[in-house]
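First the structure, in the form of structure tokens, and then the observations on it.
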Amino acid sequence: MSAPTHTPPPGASAVLVLADGSVFWGRGVGARGEVVGEVCFNTSITGYQEIMTDPSYAGQMITFTFPHIGNVGTNDEDIENAKPVALGCILRQDITEPSNYRARKHFNDWLAEHGRIGIAGVDTRRLTKRIRTEGAPNGVICHNPDGTFDIPALIAKANEWPGLEGMDLAKDNSCTTGYDWDEALWSREGGYGKLGNAKHHVVAIDYGVKRNILRNLASLDCKVSVVPATTTAEEVLAMNPDGIFLSNGPGDPAATGEYAVPTIKKLIDSGKPVFGICLGHQMMALALGAKTKKMDVGHRGANHPVKDTTTGVVEITSQNHGFVVDKDSLPDNVEATHFSLFDGSLAGLRAKDKPAFAVQYHPEASPGPHDSHYLFKRFVGLIEEAKS
Ligand SMILES: NC(=O)CC[C@H](N)C(=O)O
């Protein structure tokens, strides 16, 4: 990488610095100010609003490898959380003018309104290659229209940030009080549906849950009670659920060892059907005695092939994770059920002696393909089996 210059080029209103001293000049988008966190990349070509609102991106800023960000604007519906959670975004091109019948707001205005900082005009290919070869670095985006930047201070800030490893972000991104969920999946004709005839009761533990997971459950006739991350196993079981769902969420799964992991162990031992997604998958693995680790290269995109070894079927999946379950650490009572066809990493597991299973990726998509919706049906199938 060429030596960084600390003199802003003409017109620079933002800068991205990495902990190793790399400097990327650009044009600020969204809110002004400074943000520090992990710099990752996502290869999806659609769904920037769903991605920015996915709570699993807490502590991270997202490099969008697709250059046309903003082309469908933003609306009040394509959200996975009430507010964006990703710290900021890094873009190749200036934000595209919105052109879509559902657009309500320009992406730039939406970012600014929610206090989210971004930078456009970055060589995102160079940045992505750097992340791919050296891992996701700490970084700072600074957006200052005055064009004055204290680069050494920003680099120091990037280095001082402790990094995601060992960081528990699930508790802070959970709801603080429980609530019932009855919104079902979206359709072009009717928008979001409503839970009709509630056949099953699912308690979903919220570690930073994406709404489309809850919508999928509601669309399969599940009344969903969402509860905070620190809810105890006794409290969950006292709600008499037919099934228990462990949500996705940000941060290091191993850092949830004091509250989530022991709770999940008790819930699995109760014999109730349990289904986990992403962080939920990682914590289920920890509860079953396996280990997790930080990945050299995280998976973030909407075209990741995964093989379900129980059926032999390959599905194209939506993914967002930087930690993974070590496939060599699975105890005898745990079966590996899915593998990533990109790097062979573990993408799904099940307990052999309990109705508990989980996947590392996102069957709810949002954004992404719908190949993996069958997993929600698999969960409801386990619930029906347990009830009969
Ligand atoms: N989407 C998620 O649940 C992410 C899980 C975890 N925070 C990871 O990065 O691996």
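Note that Cβ sites are derived from N, Cα and C of the backbone, with glycine treated the same way.
As the structure is a computational prediction, the values presented were derived from the model and not from experiment.
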Of S56, S99, S388, which does TrEMBL put in the L-glutamine site with G249, G251, L279, Q282, N320, G322, F323?
S56
For the recorded L-glutamine site formed by S56, G249, G251, L279, Q282, N320, G322, F323, which further same-chain residues have Cβ atoms within 8 Å of the site's Cβ center?
N248, P250, D252, P253, C278, H321
Provide, as an integer number of angstrom, the distance between the C-alpha atoms of F323 (L-glutamine binding site) and C278 (active site, nucleophile).
9
Candidate nearest C278 (active site, nucleophile) in space, where candidates are the recorded positions G251, G322, H362, E364 and distance is Cα-Cα:
H362
Between C-alpha atoms, which of these binding-site residues comes nearest to H362 (active site): S56, L279, N320, G322?
N320
Here are the binding-site residues: S56, Q282, N320. Which has the lowest count of other Cβ atoms within 10 Å?
N320
About how far apart, in whole Å, are the alpha carbons (Cα) of Q282 (L-glutamine binding site) and E364 (active site)?
17
